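Chemist: Sharing the feature lines straight out of TrEMBL:
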- His360, His365, His540: Fe cation binding site (BINDING)
- 2-114: domain 'PLAT' (DOMAIN)
- 114-663: domain 'Lipoxygenase' (DOMAIN)
- Trp99: site 'Essential for stabilizing binding to COTL1' (SITE)
Amino acid sequence: MVNYEVTLSTGDLAYAYSFNKVFIKLVGTDGESERTWLKGAIQFTKGTLISCPVSIGKLVLIELDKQPLPLFPEDSWFPAKVEVKSPEGATYTFPIYRWITDSQVHRFREGTALRVFEDKHHLGRSSRQQELGQREKDYRWDVYAEGIPHCMKATDPDSLPSEVRFSFTKNTEFLFTAATGLTELQLKGLASYKENWTNIDDINRVFCCKRTDISDYVQEHWKEDAFFGSQYLNGVNPMLIRRCSALPDNFPVTDKMVFLHGQGSLRNEMQKGNIFLCDYKLLDGVKANTINGKKQYLMAPLVLLHKTPDDKLMPIAIQLKQTPADDNPIFLPTDSEYDWLMAKIFVRSADFSEHQLNVHLLRTHLLAEVFAVSLLRNVPMVHPLYKLLIPHTRYTLQINYLARSLLISETGFFTQNAASGGEGLIPILKRSLSSTTYSSLCIPEDIAERGLEAVPNFYYRDDGLKLWDIIQRFVQGVLSFYYKNDAEVQKDSELQKWISDIFEHGFLSQSSTGIPQSFTTMVELVKFVTMVIFTCSGQHSAVNAGQYDYGGWMPNTPITLQLPPPTTKGETSMATMLKTFPAVNTTVQGMATMWLLSKQSSDFVPLGQYPEEHFSEEIPCELIKDFQGELEGLSVVIKARNKRLDVPYTYMDPAVLENSVAL
């Protein structure tokens, strides 16, 4: 007789253990063991011996099942991994990391990553086909609305496969925060108050219920031009600003408007690279929402900014509608206090919609879901791509289901409270997808295309480029361990199906996006996988984590506006501004939602940390350690820089950004 020594670990999650009897069978190239009861498998077993008459060869897979004991119902169990030491002295690792909720037999492959054409043993191929067949049933594409990325088909969170649902901890905290947001912010009594604000002090008293260091700074400086300009670089929407080399035909700004006493010219400043444009044309013609029975207003502004000699980015001209006209004046810093302030308020409100629907929802959440569903449908657990990307899909499918049901549904927060949440929501998302390009998702190319390489004090760019490089080196190292040449990339059918599905279901087969339809080289593969990880981690953090910081003080980011913009100058006042701001109930609902979306879960996993050990080979494991070391180094650099800043930029700090789109 020969003995196989089995060690089983249960995941470190709430309610991960099982009171059922757990059985295991070992399957090798030359035979299989008897089905054996792993006594004590409630949480952890070590050293269980499975005897076989002769060696069963190289282990290919294990079969696990659990059966309820008398008086105990069938329960859910989350095994982490199984390690088996063979009589020949080899150790085999079987990563599991998924919930088992039934009494069926579940097969798990040995942890060495295999591409489809390497999987030569018939047992492995059969198991792989069986796994993908089940995955295609579990992960089905659905169309939420025509013209936007497809999503995961689900009727409620419980209909999602158990392996992608929130943990007990995450679910409890999220539901508690969502249910008690208004209470926690001490705003519950105002949620049904539909009147207008009557003075700034009342807004201040509401805001003081919940503050952050940055939101305090915002409250103090929101009227200042320099702060207005800085938010295009280091606020929650750093994706719109671009260097301007020629004014658009529909934005007739003249030297006389912006340079007093002939002290400069737009042409010269453009040639020096000092003029920047923010164009909200995506919002043009969108029908604004009706809230509290009142028509709302959403503009599509053009904003011109000037980099001054002391490296400040200052707004110098604002046109609130796309078509020049006598009743669409170009507002200037030299206008009256409230003319200029109101112009900036309309811009900040437009920025809320541009940011939430395009930059945040579509370009991180919806695309991350496409990357995840395609991975889970097409790539088996033994594939190196699965092992590399599965940590970056954590919680994404459930958070997106909740976003569709709680935020953008007919009764959702966005639909009920945002200017762009009514009939305009889907058209904006359609335009957003049509304007999304592959290069705009890759920060090195995006920064270059927007001409922002030399803009000073641009911390999103500085931290993002460093983070991209670190991720790219890690991805290059891991993938080059498995793929030795371009031909191996080309003949990996599972890899090709992954990208094909992304092109079809994520980008709706629009070749104009530049998204690859297949991979022909290692360089293409590394770049795309780097983009996926960056989008799901750093980019999402950059456009999500600061929502309450910059939006908690409502006047800086009004989610809707109740009056149209001024059509002539000199007629606005403090009273006009207060009547234009969103109503009290709309304001507090916005504050509570931004608080929820910015509140990190206690079981958050930072970028580069992998509690689930999917890789077992030495070189990938060493590359993970190197990756973690580089991320720690970047975190040290960011923290040192932030000590000298009035407004620290933390959203790309690897220590605080999450591995996945989980919030």
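Note: Cβ is positioned from N, Cα and C throughout, glycine not excepted.
No curator has checked TrEMBL annotations; they are predicted automatically.
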Chemist: For the C-alpha pair, I'd like the distance in angstrom between Trp99 (site 'Essential for stabilizing binding to COTL1') and His360 (Fe cation binding site), rounded off.
Modeler: 30
Chemist: Write out the long-range same-chain contacts of His365 (Fe cation binding site), meaning residues 6 or more apart in sequence whose Cβ is under 8 Å from its Cβ.
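Modeler: Sequence-distant Cβ neighbours: Thr396, Ile399, Asn400, Ala403, His540, Val661.
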Chemist: Using DSSP, how many residues of the domain 'PLAT' (2-114) fall into helix, strand and coil, respectively?
Modeler: 0 helix, 57 strand, 56 coil
Chemist: Other residues near the Fe cation site, CB within 8 A of the CB centroid of His360, His365, His540?
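Modeler: For the Fe cation site, the extra neighbours are Val359, Leu361, Arg363, Thr364, Ala368, Gln539, Val543, Asn544, Val661.
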Chemist: When you measure from the Cβ of His360 (Fe cation binding site), which residues in the chain that are at least 6 apart have a Cβ under 8 Å away?
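Modeler: Spatial neighbours, sequence-distant, of His360 (Fe cation binding site): Val236, Val543, Asn544.
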Chemist: Please identify, from the recorded positions Trp99, His540, the residue with the sparsest Cβ neighbourhood, meaning fewest other Cβ atoms within 10 angstroms.
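Modeler: Fewest other Cβ atoms within 10 Å, among the recorded positions Trp99, His540, is found for Trp99.
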